[in-house]
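Trainee: Structure incoming, see below.
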Amino acid sequence: MNAPHPDALERPHRLDALPFDNSFARLPEAFYTRLAPWGLPEPRAVLFSDAAAALIGLHPDELASPAFVEAMAGNTPLPGGDTLAAVYSGHQFGAWAGQLGDGRAHLLGEIRTPHGPWELQLKGAGRTPYSRMGDGRAVLRSSIREFLCSEAMAALGIPTTRALSLVASDLPVPRETMETAAVVTRMAPSFVRFGSFEHWTANKRPGELQQLADYVIDRFYPAARDAANPAVAMLTEVSRRTATLMAQWQAVGFMHGVMNTDNMSILGLTLDYGPFAFMDGFDADHICNHTDRGGRYRYSAQPHIAHWNLHALGHALMPLIGDTDALEAAIDTAFVETYNREFLARLGAKLGLTDTRDGDEELIGQLYGLLHAHHTDYTLFFRALGELPAVAGTPAQDAPVRDLVADRTACDAWLAQWRARLALDARPDAERRAAMHAVNPKYVLRNWVAETAIRAAQAGDFAPLQRIHTCLQRPFDEQPENAEFAAPPPDWAQSLSVSCSS
Ligand code: AMP
Ligand code: MG
């Protein structure tokens with residue numbers, strides 16, 4: 001969904017009068033369990049997203065109110081809400097995991113807006129019937145990561161669930177060490193996952209499968225309703241959206257870390273931020289989740305895994321599709337075509353090209369080879385490339401890029417090819433520079449930057465967190481006061497590792 005600019009949105013709603021219209025709660029009760037969250041003792045406001053609040057028309061004054069903190073902690077219900085935890089299943093690390101579900105998420109309800117629906121969901125507000133061995137909690141560390149990254153991805157223009165608020169408490173939560181509890185309020189038009197469909201097929205419940213497909217098609221893929229087979233049409237569109245999302249992840253150097261089918265959004269949104277990372281020094285096979293020993297979810301495998309996950313979704317939809325050929329066309333053709341086109345277009349734009357031509361793929365492939373061989377910082381490289389003149393520069397002019405690549409000769413050779421390609425476009429340098437800076441972010445949520453916010457917050461200082469959040473709202477702008485956050489990992493952060501534990 002293309003969100004309008006936050007400043008253009010009306011914000012008339014008071015917290016106690018949000019226009020709820022809880023469509024998911026109108027599905028049969030097999031889809032969820034109605035329940036109240038446990039809440040959070042003595043919650044403190046840590047951070048909110050004004051941009052996310054604007055999307056639901058929430059009046060800006062409400063964000064600073066004590067009632068907002070209590071509601072976002074799950075301590076007081078919102079009038080008009082209908083709180084529930086949804087059931088789903090899924091494949092985890094390639095193996096069928098059976099029933100999962102919202103083990104620590106409570107859907108508060110769905111807000112109607114002129115730009116479409118937004119569900120509000122608490123993450124970390126207590127156990128549900130789907131918690132299995134989990135405690136229903138989320139720790140401050142992982143909640144900061146989810147909040148910052150959701151809002152950073154949105155600012156980068158990458159489809160994602162949003163984060164409205166982050167509240168924290170002194171409640172101890174045991175993980176590898178003792179940590180403290182927090183709740184992030186997430187927003188999405190829908191939190192339905194691939195695994196929501198797999199659930200009904202695995203349980204041999206074709207009626208519910210049909211109901212869920214109808215629900216998703218009617219609300220989010222209305223054009224599919226008129227197709228010969230609406231489920232095929234929906235799957236085709238989900239394949240396209242997922243392929244586009246993968247092209248965006250690869251282009252920006254984002255690694256999700258846990259691409260299980262229960263973490264795949266039916267709307268093609270980035271969903272469930274856990275051990276994610278942005279690429280620092282480029283390594284095509286980087287594994288950001290240290291529990292992923294086999295590297296199933298390494299950077300280079302993400303598009304392939306998304307495709308695999310679409311097949312799991314397609315298999316789940318088979319009772320509605322019936323025909324293997326239709327299934328393969330819906331997934332394989334749509335995914336591969338869209339991914340290749342979107343990836344080439346995005347990389348071309350990152351290189352400052354105005355269109356796609358024969359040979360661009362080789363130019364891009366050689367660049368990835370160069371970055372991989374020299375472990376060049378991915379974000380810095382593209383940003384610096386925008387500064388270079390189109391006509392062969394002096395070594396001093398080329399220094400911003402040459403200084404990032406250990407092998408200057410190899411770097412110069414690639415730059416010569418890039419310049420030969422730029423010559424075909426004949427675009428003025430200033431125009432190209434502006435276009436490149438508009439697609440090559442200066443600021444991404446590097447792990448060390450997230451860790452900086454986390455360590456300060458754990459010590460009771462939320463100022464760095466707020467500053468980093470503000471910085472990441474304008475990822476493409478030069479922000480001299482925040483230049484430190486554009487830097488590669490400092491020495492202390494070289495060995496940071498991120499696990500699934502959250
Ligand atoms: P994830 O890999 O974090 O997306 O989670 C996979 C499944 O485990 C989902 O069903 C989650 O709701 C559940 N889960 C993860 N952490 C917890 C927790 N601390 N308490 C309850 N359920 C959890
Ligand atoms: Mg999940």
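First residue shown is number 1, and so on along the chain.
A Cβ is built for glycine as well, from the same backbone N, Cα and C atoms used for every other residue.
Keep in mind it's a predicted model, so treat the numbers as computed, not measured.
Reproduced below are the annotations present in TrEMBL:
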type: ACT_SITE; residues: Asp262; note: active site, proton acceptor
type: BINDING; residues: Gly101, Gly103, Arg104, Lys123, Asp135, Gly136, Arg186, Arg193, Asp272; note: ATP binding site
type: BINDING; residues: Asn263, Asp272; note: Mg(2+) binding site
type: REGION; residues: 479-502; note: region 'Disordered'
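Could you place these features in context, so I can see how deep they sit and what lies close by?
Mentor: According to DSSP, Asp262 (active site, proton acceptor) sits within a helical segment.
According to DSSP, Arg104 (ATP binding site) is assigned to coil rather than to any helix or strand. Listed in sequence order, Lys123, Gly124, Ala125, Gly126, Arg127, Thr128, Ser131, Gly134, Asp135, Gly136, Arg137, Ala138 are the same-chain residues six or more apart from Arg104 (ATP binding site) with CB atoms under 8 A from its CB.
Same-chain residues lying 6+ beyond the ends of the region 'Disordered' (479-502) with a Cβ under 8 Å from its Cβ atoms: 138-139, 141-142, 175-176, 257-258, 274-277, 280-281, 288-291, 377, 379-380, 383, 442-443, 446-449, 451, 467-468, 471.
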Trainee: Please tell me which one of the binding-site residues listed here (Gly101, Arg186, Asp272) sits closest to Asn263 (Mg(2+) binding site), measuring Cα to Cα?
Mentor: Asp272
Trainee: According to DSSP, does Arg186 (ATP binding site) sit in a helix, a strand, or coil?
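Mentor: DSSP assigns Arg186 (ATP binding site) to strand.
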Trainee: Identify, in sequence order, the residues in the chain of Asp272 (ATP binding site) that are 6 or more apart from it along the sequence and have a CB within less than 8 Å of its CB; answer 'none' if there are none.
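Mentor: Long-range Cβ contacts: Val258, Asp262, Asn263.
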Trainee: Do you know which of the recorded positions Gly101, Arg104, Arg186, Asp262, Asn263, Asp272 end up with C-beta under 6 Å from ligand 2?
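Mentor: Cβ under 6 Å from ligand 2: Asp262, Asn263, Asp272.
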Trainee: Only counting partners 6 or more residues apart, tell me which same-chain residues put their Cβ under 8 Å from the Cβ of Gly101 (ATP binding site).
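Mentor: Ala85, Ala86, Val87, Tyr88, Ser89, Thr128, Pro129, Tyr130 - these are the non-local Cβ neighbours of Gly101 (ATP binding site), listed in sequence order.
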